[in-house]
Amino acid sequence: PYPPPEGTRQARKNRRRRWRARQRQIHSLGERILTTCLGRPTEPVPFLLPPIERLRIDCSEDRGDSDPQGVGDSQIPGKSCDLLGSGTKE
């Protein structure tokens, strides 16, 4: 948690400086773990979006009665699109 705002101005400044240094250390440790143990790059892989013409919000897609051509389908073939989940806690 962020340090509490109490004490003298100098004490608060030092606490914030130490807190930021700790956060940097945690972040770099996380990057090292991702890189060495999981083989993941530290930078996120760019997410490719479909052309803007194919994007749409259509509630009928959930019921399965959308157009048969699949126009507007932004799913990646072979991948399920469960962004919001079922709404129940596990």
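These residue numbers are counts, starting from 1, taken along the chain as shown.
Here the Cβ of each residue, glycine as well, is placed from N, Cα and C on the backbone.
What you see is a predicted model, and the numbers here were worked out from it, not measured in a lab.
Swiss-Prot has this to say about the protein:
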- 10-23: compositional bias 'Basic residues' (COMPBIAS)
- Ser66: phosphoserine (MOD_RES)
- 1-23: region 'Disordered' (REGION)
- 59-90: region 'Disordered' (REGION)
- 8-24: motif 'Nuclear localization signal and RNA-binding (RRE)' (MOTIF)
- 47-58: motif 'Nuclear export signal and binding to XPO1' (MOTIF)
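The residues of the region 'Disordered' (1-23), classed with DSSP into helix (H, G, I), strand (E, B) and coil, number 15 helix, 0 strand, 8 coil. Secondary structure of the motif 'Nuclear export signal and binding to XPO1' (47-58) per DSSP, as helix, strand and coil residue counts: 3 helix, 0 strand, 9 coil. Within the model, the motif 'Nuclear localization signal and RNA-binding (RRE)' (8-24) carries an average pLDDT of 93.
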